[in-house]
């Protein structure tokens, strides 16, 4: 399985092409639209999300509600493009129109300046448009297809926010996977403690009035993955490493950890390692899951627990100082439409990129020309792991 995305933030559309999806997977536009709508939700989103109502168009690889095994083409139209016809025109336009929305005061923390240096851009909009988080629309769309595969194999997932702009979420003890999932899904903030909703919303409103932004830490949990996915034989076959790369590829993500993560640096080996158990009904298990479901780059059969840290969004309505790329004089940075926070949306994106990596690993590991073939191979493997 592989995919490519294309498109700019204010261009006519966004596109993804996915190759390697088995034939026979039940797939409807509504499956993808559901994830796209989740990405657009959450408290703190800005004006752009009131303009766009993301809906996918599937133009290849699916017929009568089933995948055919051919490449799948997904497209999402940018409604906002109608206001940017001159600025984002494909053909050449008058010089005065080219200057209309030219970006020459790069934003600290964004790809504007370095992208312009790398690709020799006189107008930093050429970097801004592609590096925008709008691109993640298609990664969520691809992830929605991946999640359909995982669901057919008995794998489920959730995300929730652990730290919201410096506020630590108090997680009630002994919540099951399903309880965590339900609480997060029914929260505008993707948190599992409803008692903290108003405190955080008030804080977001305050940050917005100040023209500032906030980040946080998101946790994704995956349940139902058997032991043995990934490999230790080469560095690039380690599944946790693949997941780390995928999470860090999300716009504004600056760190990743598994299980208790960096806290391991403060603990002893006897406190961190997950003791092994075995029962006739369940096979192998663990007393704990401090390592987040991975040993040696391979899944252990415990829930996968991965955390990502998102920096505050770089675009500030009270901009920081920058430099004019023509005169090299100090100037306030460019202001584009932005949000005080996008943590709930980032959680949906993270969940979907994790799903994509896991689906890809499964498709590469098991016979998967068709879904029925994959389901049998996966079921047989589960049985093997249980009796090992």
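From the backbone N, Cα and C atoms, a Cβ is placed for every residue, glycine too.
If you look up Swiss-Prot, you'll see 39, 45 marked as NADP(+) binding site, on the strength of sequence analysis. Annotation source Swiss-Prot lists FMN binding site at 130, 131, 132, 251, 252, 296, 311, 312, 313, 314, 315, 337.
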Taking residues 130, 131, 132, 251, 252, 296, 311, 312, 313, 314, 315, 337, which bind FMN in the record, the widest Cα spacing (Å, whole number): 43
Between the binding-site residues 39, 45, 130, 311, the one whose Cβ has the fewest other Cβ atoms within 10 Å is 311
All chains considered, the count of other Cβ atoms within 10 Å of the Cβ of residue 252 (FMN binding site) is 19
According to DSSP, does residue 313 (FMN binding site) fall in a helix, a strand, or coil? coil
Using Cβ atoms only, which residues of the same chain lie under 8 Å from residue 132 (FMN binding site) while being at least 6 residues apart in sequence? 8, 9, 251
Which of these binding-site residues has the least crowded Cβ, counting other Cβ atoms within 10 Å: 313, 315? 315
Rounded Cα distance in angstrom between residue 130 (FMN binding site) and residue 39 (NADP(+) binding site) is 18
